Amino acid sequence: MIKRYLQFVKPYKYRIFATIIVGIIKFGIPMLIPLLIKYAIDGVINNHALTTDEKVHHLTIAIGIALFIFVIVRPPIEFIRQYLAQWTSNKILYDIRKKLYNHLQALSARFYANNQVGQVISRVINDVEQTKDFILTGLMNIWLDCITIIIALSIMFFLDVKLTLAALFIFPFYILTVYVFFGRLRKLTRERSQALAEVQGFLHERVQGISVVKSFAIEDNEAKNFDKKNANFLTRALKHTRWNAYSFATINTVTDIGPIIVIGVGAYLAISGSITVGTLAAFVGYLELLFGPLRRLVASFTTLTQSFASMDRVFQLIDEDYDIKNGVGAQPIEIKQGRIDIYHVNFQYNDNEAPILKDINLSIEKGETVAFVGMSGGGKSTLINLIPRFYDVTSGQILIDGHNIKDFLTGSLRNQIGLVQQDNILFSDTVKENILLGRPTATDEEVVEVAKVANAHDFIMNLPQGYDTEVGERGVKLSGGQKQRLSIARIFLNNPPILILDEATSALDLESESIIQEALDVLSKDRTTLIVAHRLSTITHADKIVVIENGHIVETGTHRELIAKQGAYEHLYSIQNL
């Protein structure tokens, strides 16, 4: 896991190295203070060979040098170190999020059907951000603390070996304590992160569906459901907090014993004349430079457990396999005719579930309008979703212009199929930007032209800022009919040879339906058009009507032929016209 993460770090290794070098200088400067104290006591105050004026002169020079180092030299070093560390870590997170976003766009509809959007967002935002601590702490601060400890110990050994050995007495207990607590903390951190993601997933769903909550007046019930998720997170968080508190209390106790031992031994040596008072004072100063980093290392280990848990979750997402892959030798094939042939297609969402489609065979000619009808759950929309490869067939094959759709590059295939759905998604951007999704390189004139053809231009011009009006999240500021017209406009802009209308007008009032049906009639002209519809009155003009029941095609023909047949279609039509 760490090795994989380091692949993102590798392009910035020289900056990290520079950050560590600058950090060594930054942390090395405070180590002069204990030596300054020793010099002031032993070299000046207790130096009876110097006169008072000489003592003041020597002390003034020493303090002047110290002030120059701490006031003039250290601040820019501190700035450079902080800037380098933050720039590098944020750039690495930028690369990770970029990779994750591209990965998410490549994942199939099956992944999104099986995972809460809120949890996915939590991994991309929260978990990636949490891994920043691995860069700042694991790759920078830990090394700086270790180097600080080594430098401090070297100076302490130089000052007095016995006192240094006394300081090292607690090290074995320190290492044992860290070892005991670290593994447990990592497990608890992973559990806490998962619980937080569940809270975020629940919250995301309920906020998106707040109209349902309010319409059924189930606020109290949903508050209880949220409280269950929130309470589970609280339980996990408190377990983590309790264990974290145990570790800090134990390790701080161990590191507090060290200075007490050193002061006791040092005082005895000073009384006996083995060391000077200045040496003892310097040693006490170095104790904080020794045990301070040791305490920070414990905090670093705690931080790293959280970072590793988040790293696990990030790579779980990165390792999510693609259901829909470009086949070997896939090409950006141009669809020239738009003929579709479906041979012996079977489909099931999961291996342990019953088939949704069973031995589907169908041919659709160039420019033909074909409608798919039947009871809900029969498999109409599922069949439609197989053509742009939102899902792959379980068995059988689908051909377009004689080419297996798996021979197309996925992006090339989908770019040549226009899809208008019942609830089209608009992004929280301007009207113009939402239309440009059809072809981002289109000109303003082309945007206006397709809006006119889609019967959208007039209502757009009545909006506060016209084409520059923000539509809100999912187009919340627009009516259903207005959103549908914008979605049709972007299909016009893309101008695909194949068009799929999946319940495109079923949720609209009669006036909106009439306006949109007019636009759809223009849109479907000279294109192979597939329509999924519940309102049979909207598809009587179709060249072919396909009736699907329980995953089987049970009837095929024109409206007149099927009415005359008095079968499944005639039964559905009669029910709707009672």
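Quick reminder: no glycine exception, Cβ is built from N, Cα and C everywhere.
Judged by Swiss-Prot topology annotation, LYS38 lies across the membrane from ALA85. When averaged over the domain 'ABC transporter' (340-575), pLDDT in the model lands at 87. Listed in sequence order, ILE548, GLU549, ASN550, GLY551 are the same-chain residues at least 6 apart in sequence whose CB falls under 8 Å from the CB of GLY378 (ATP binding site). Against the transmembrane segment (16-36), stretch 139-159 has more CB pairs under 8 A than any other of 60-80, 139-159, 243-262, 268-287. Listed in sequence order, the residues THR382, ILE548, GLU549 complete the 8 Å Cβ shell around the ATP site centroid, once GLY374, MET375, SER376, GLY377, GLY378, GLY379, LYS380, SER381 themselves are left out. The binding-site residues GLY377, GLY379 differ in how many other CB atoms lie within 10 Å of their CB, and the one with the most is GLY379.
Here the transmembrane segment (243-262) does not lie next to the transmembrane segment (139-159) in space: the count of CB pairs under 8 Å, restricted to residues six or more apart, is fewer than 3. Only residues 6 or more beyond the boundaries of the topological domain 'Extracellular' (263-267), in the same chain, are considered here, and those with a CB under 8 A from a CB of the stretch are 162-163, 166, 275, 280, 283-284. Neighbour count (other Cβ atoms within 10 Å of the Cβ, all protein chains): 23 for GLY374 (ATP binding site).
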